[in-house]
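Chemist: Once you've had a glance at the structure underneath, I'll fire off some questions.
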Amino acid sequence: MTEATGKTNLLGLTQPEMEQFFERIGEKRFRAGQVMKWIHHFGVDDFDAMSNLGKALRDKLKGCAEVRGPEIVSQDISTDGTRKWVVRVASGSCVETVYIPQGGRGTLCVSSQAGCALDCSFCSTGKQGFNSDLTAAEVIGQVWIANKSFGTVPAKIDRAITNVVMMGMGEPLLNFDNVVAAMTIMMDDLGYGISKRKVTLSTSGVAPMIDKLGQVIDVSLALSLHAPNDALRNKLVPINRKYPLAVVLDACKRYIGGLGEKRFLTIEYTLLKDVNDQPEHAAEMIALLADVPCKVNLIPFNPFPHSGYERPSNNAIRRFQDLLHKAGHNVTVRTTRGEDIDAACGQLVGQVLDRTRRSERYIAVRELSAETETPRSAANRT
Ligand code: SAH
Ligand code: SF4
């Protein structure tokens, strides 16, 4: 239900929820499929345009339902084809969605929360604090908006969005139900028909929710590792103090093992100069991942003002990659895309109305320590 209008927002309903909705208003369940196709395949939000519904049903729907996507504040297209949308959600905060075309693929990076409570030390979203969970309609609404921007071609034909990664702002496992509902619609043929291997949820390691995820849905999983030992990970990814590496990797192995076919965990590792990019870190990582079926994705740090960190040199990145590669790992280095529109990983800023007031504390601390702190000591601060 949208608070402002008192109407049910059909955009965020999964197929069973949509069927229940039609039953509730005294209509046949098959209407759910018709309406879902109008919404997700054709991007329609006006009931009058749904030509296979009779006038009486259209009028009834206008009275009790709506199709409401998040409000688009801006959209930019980078010189490299990357697209970025800033959208405003009901809480008043803004979040970002990024589309990255590459070869025959088009990957949409979707946000799950306005801000983030987890405060990873190198992440600009974390520095803004937390404001709100996105509703299911606000999560799938980002796919809806992006899909519509490519014209009214049905999503399944000649599709521009082939992959979705829950790697925008926020920790998706801390907004569990809404993210699961939205991912269900992404994979549903009445929604966007994207295959389960091409929908990826990225988590900083909320271990119990990884198990819960395995009970309700089958999508690809990425773990934001960033450090090969607990001492360093406690500083970079504070949730590690609650769910240390052994616990989180066990949960990931259970998740991957439970999918019932050969699947891989993606390990994301943001490379921070002189902090986690040394040969000894690569050696520790090789030992740690010895029995984990995984692919490694190295993300060179994307700088933002006052972060206190630096991106390693290309040589250091290549050295790290080579060491993992020689140990038999499949390793890719994420190329930075859309830099001219600030669309790179960890640069998503939105405009979060910070309930935790973390950004104010952060700026104050940074100003106090700016003159003395080196990037290496910044990593030891948390
Ligand atoms: N909260 C989830 C998903 C969003 S972040 C998670 O943490 O996994 C998506 C990825 O970008 C994560 O691996 C995150 O650690 C990484 N990231 C965050 N800030 C970054 C930065 N400044 N440079 C490079 N990668 C960054
Ligand atoms: Fe949150 Fe992910 Fe950023 Fe950590 S890296 S603060 S979990 S969005």
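Just so it is clear, glycine is given a Cβ too, placed from its N, Cα and C backbone atoms.
Fair warning: this is a prediction, and the values are worked out from it, not measured in the lab.
According to TrEMBL, the record shows the following:
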type	residues	note
ACT_SITE	Glu96	active site, proton acceptor
DOMAIN	102-340	domain 'Radical SAM core'
BINDING	Cys116, Cys120, Cys123	[4Fe-4S] cluster binding site
BINDING	Gly170, Glu171, Ser202, Ser224, Leu225, His226, Asn302	S-adenosyl-L-methionine binding site
ACT_SITE	Cys345	active site, S-methylcysteine intermediate
Chemist: Tell me the Cα distance separating Glu96 (active site, proton acceptor) from Gly170 (S-adenosyl-L-methionine binding site), rounded to the nearest angstrom.
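Modeler: Gly170 (S-adenosyl-L-methionine binding site) to Glu96 (active site, proton acceptor), Cα-Cα distance: 10 Å.
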Chemist: Filter the binding-site residues Cys116, Cys120, Cys123 down to the ones within 10 angstroms of Glu171 (S-adenosyl-L-methionine binding site), Cα to Cα, kept in sequence order.
Modeler: Cys116
Chemist: Taking the binding-site residues Ser202, Leu225, His226, Asn302, which residues show a Cβ-atom distance to ligand 2 below 6 Å?
Modeler: none
Chemist: Should any of the binding-site residues Ser202, Ser224, His226, Asn302 have a Cα within 10 Å of the Cα of Cys123 ([4Fe-4S] cluster binding site), which are they?
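Modeler: The binding-site residues passing the 10 Å Cα test are Asn302.
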Chemist: Going by Cα-Cα distance, pick out whichever of the recorded positions Glu96, Ser202, His226 is nearest to Cys120 ([4Fe-4S] cluster binding site).
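Modeler: Minimum Cα distance from Cys120 ([4Fe-4S] cluster binding site) across Glu96, Ser202, His226 lands on His226.
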Chemist: In whole Å, how far is Cys116 ([4Fe-4S] cluster binding site) from Ser202 (S-adenosyl-L-methionine binding site) when you measure between their Cα atoms?
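Modeler: Approximately 14 Å lies between the Cα of Ser202 (S-adenosyl-L-methionine binding site) and that of Cys116 ([4Fe-4S] cluster binding site).
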Chemist: As a check: which entries in Ser202, Leu225, Asn302, the binding-site residues, place their Cβ less than 6 Å from an atom of ligand 1?
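Modeler: With ligand 1 as the reference and 6 Å as the Cβ limit, the list reads Ser202, Asn302.
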Chemist: The record names Gly170, Glu171, Ser202, Ser224, Leu225, His226, Asn302 as the residues that bind S-adenosyl-L-methionine; what is their largest Cα to Cα distance in Å?
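Modeler: Of all Cα pairs among the recorded S-adenosyl-L-methionine binders, the widest measures 19 Å.
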Chemist: Could you give the Cα-Cα distance between Leu225 (S-adenosyl-L-methionine binding site) and Cys116 ([4Fe-4S] cluster binding site), in whole Å?
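Modeler: The Cα atom of Leu225 (S-adenosyl-L-methionine binding site) is 17 Å away from the Cα atom of Cys116 ([4Fe-4S] cluster binding site).
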Chemist: Secondary structure at Ser224 (S-adenosyl-L-methionine binding site) (DSSP, helix/strand/coil)?
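Modeler: In three-state terms, Ser224 (S-adenosyl-L-methionine binding site) counts as strand.
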Chemist: Would you mind listing, in sequence order, the residues at least six apart from Ser224 (S-adenosyl-L-methionine binding site) in the same chain with a Cβ closer than 8 Å to its Cβ?
Modeler: Cys120, Ser202, Thr203, Ser204, Gly205, Val237, Glu268, Thr270
